[in-house]
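Taking it in order: structure first as structure tokens, then the write-up.
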Amino acid sequence: MEELTLTEDNLITSQMVKRNGAHFNKSAKDEGKKNEKVVQSWEAEDNEDVVETRAGLRYLYNGYYFLGIYMPKKYKYLYVLWSVIVNLYVTIYLPAGFIMGIVDATDENMEIGNLLTSFQVAINVVGCSIKIVLMFFLFPQLLRCEPLFEKLDKRCSTHGQKELVRRFMHDGNRMVVLFAIAYWSYSTSTCISAVIFGRLPYNIYNPFINAHESWGSFILAVLMEMVPMDIACFQQVCDDSYAVIYVNILRTHLQALVLRLQQMKGDDKDSEEKNVEELKLCIIDHKNIIELYNRVAPVISITIFVQFTITASLLGSTLINILLFATNVASMVASCFYVLAVVVEVFPLCYYAQCLMDENDYLAQVIFHSDWINQSVRYRKMMIFFMQRTQKTIEFTAGKIFPITLNSFLSIAKFSFSLYTVIKEMDLKERYGLK
């Protein structure tokens, strides 16, 4: 009986062990799955936490890729063919067509207001073609900035610094969209107003289609003008937005450097050596920012010089057109959109370049107001050296002649409105019966 009882006890015990073992294995599997999910969530957070300045250039790079400027690694021969087609059609034919259309125009087939509209757009299109040809040779200089982006991105370690880069990643692409909206608003409004009143938007020279032959020929002629014009507007979008984007890259990493300097403290002796090493890294960061500026500034200087030379004349001629020769509300609305587009070409760059200058001056103040009193002698010597380097102003110029600041933009605006005021005081409408 005792042996039987022991055997029954052993069976009960073994069954309990199996049940507990199965329950333990199930719990272990569940715990393993939970841990695996936690690790995956950690990895996802790490991937989301990675910031890349280059991500803010995605729309810009795609734009230059579409325009035949950004050579891909694959299918180079097909891309060269695409680049030749686009640039022959837009960069060469469009400005030539504008000029030939103006020369071919007569008093019988074109009003003076429409002629002036074509003339002011022709000036801008010629300038756009010059800038896109320049960017074909200068764009590789911008691509050489990417190693500096990687170095500066790796230095963004805190949440505040990463948030600055993350904000640029959104704003950089958004700027391309905003420029496109401004420029395409003008081209669209011009096309709509022209079609409503039964005339061609720009009177570009077209030897293949007679727009006055039939309604279908008229629509086809309008499309043949608007397609290259919209692509030319997109050329302007890329040519004008790249400078604003790269200036904001400099601003972003300069602001991140300011945050690093503000976070350095010297409350205890243990942090003195750490602060010295951190100050060394901050000096290297500033050196990389200056190197980035030295690579970008020559490119911006050349293209913005072309823009500055035509902006004042475009504003003046457009205001004269609105005041004297705009014969209907639709033409006035289209001209107002054109004024907006011309202002957008220069104002954002002048504004952000001015902000960059002010933030660079603020950097020297941040260094001086840091906790250098409680730091070592070695730290103080390095700080003096650093402060001397930051006192050199980061300033962009147009052709190394005109500084790109808000004062320069105001000077252009003053010249344009002065010309507008002079024409208005001459009462040309009443004198020559232009009402």
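Just so you know, glycine gets a Cβ as well, placed from its N, Cα and C.
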Which listed span TrEMBL calls transmembrane segment, if the choices are 355-377, 378-400, 401-423: 401-423
Positions on the same chain near the transmembrane segment (115-139), where near means CB under 8 A and six or more residues out: 64, 67, 69-70, 87, 90-92, 94-95, 98-99, 101-102, 105, 190, 202-204, 229, 232, 235-236, 238-239, 242, 299, 302-303, 306-307, 309-310, 313-314, 317-318, 320-321, 325, 331, 334-335, 338, 342
Sequence-remote partners of the transmembrane segment (401-423) [C-beta within less than 8 Å, at least six residues beyond its ends]: 300, 304-305, 308, 311-312, 315-316, 319-320, 323-324, 346-347, 349-351, 353-354, 357, 395
